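All remarks here apply to the structure that follows.
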Amino acid sequence: MVTLKPALLAALTLALPSMVVAGDYQLIVGDEVQLLLPGDTEPSVMKVDLDGEIRLSGLGGVAVSGFSLDQAEHTIETALADRGLYSNPDITIDIANYAHVTVFGDVARPGRYDFTPGMTVATALAMSGGHQEWGISKIELERAQIELESQRKASNYELATLVLQEAKLSAKLQDLAKLEPDISRIPQPTAVNFKIRLDQVTALFMQEQSYYAETLAFMEKEVGDLWRQKELFDQKLAVQNEILDTAEQGMARSKELLAKGLQTSTQQAITQQRYADARAKKLELEQAILLADRAWSDVLKAKSSFVEDRRQKAMTELMQTQAKLDQETLNYRRLAKQLALLSGGEFAAALLSEEATQTVSVQSSRSGRELLEVADTNLSLMPGDTVIISLNDLSFFDG
């Protein structure tokens, strides 16, 4: 292991946030995942157990440790299909909570701490109180506080965005005239110019509602026009039936007159042609009625589909937004808790001016991170990591 000075260990910089939230993140024991199965309206939160599995009803344990989210989705979908529980399952899986980071050894407060993207060895040391035998500079502590405060502000902004999105989708589903956001879910609404943002989202909502109303009105007009056209054809058919009845009666009289020698063959032919024309016109009108009825039915279905598709899309987006809102609320609380640990005075009061040397290592069950010797406390941690700190004999201190 590498011997470090405490000043280096106390560099509380969260400099590499992107490494932890990369798309190829692999699940580990202790992670909590949010799983939405086909047909479910609410996602289920499941924890990756000590065997690296999540347990599903009717399926049992499914190994996901070491898998990316995409790989875990594919594995679960395959298992569900193989078991015959679904014919073509399409699931969604997201991170609900990361596995804790554990700190133990020569620190003031050993234990488990919530993981936050961007967390470094230095951050873990700061939250665990460091060692009471060595000092951390005020500047280094302030750097960590500033970074956490920046993340907290970003989380507050994201909460405002999600609250407005939830209000817009709820208004769309309930056909409300205005948005009714739950402002209580935003810790600091004034910090994000909430009134201005509400006006902007409301304007966008009104545009979408106007487009929806115009499209719906156009479809309703088309339905009405086709229905009136169908009624007109029905009226014409009724008249044509009367004409056909008259033609049939004329045919009967023509035959009687012809039999008595009171009508010529030419006159009978004219009567027969009138009957044939009347019958052809009736068939033509019946065909027109069928086409009008089909067109009316198609437009009615299109209107119904337009309304239902919009409702289903809004409902799906609302469920996703509410899940993100719950998750971001937890994230904000974690950040606020960590910021309180660094800002509450307890940590700073525990620091002394003497210097000492430490050895710091990181252990993990992840491949390639089984045992890392820490040469820089800006090393990004991963969920499930264990940070081990040992204080060496002060006689080895290099002044």
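Here the Cβ of each residue, glycine as well, is placed from N, Cα and C on the backbone.
Over the coiled coil (311-338) the predicted model carries a mean pLDDT of 94. Annotation comment: TrEMBL describes 311-338 as coiled coil.
Under the heading domain 'Polysaccharide export protein N-terminal', TrEMBL lists 22-95.
Among the features that TrEMBL reports, domain 'Soluble ligand binding' is placed at 101-136.
Feature annotation from TrEMBL assigns signal peptide to 1-22.
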Check your understanding: By Cβ distance under 8 Å, which residues at least 6 away from the ends of the coiled coil (311-338) in the same chain are close to it?
Key -> 34, 41-43, 94, 96-97, 113-114, 116, 123, 127, 148, 151-152, 155-156, 158-159, 162-163, 165-166, 169-170, 172-173, 185, 187
Point to revise | the domain 'Soluble ligand binding' (101-136) - residue tally per DSSP class, helix then strand then coil | key: 7 helix, 9 strand, 20 coil
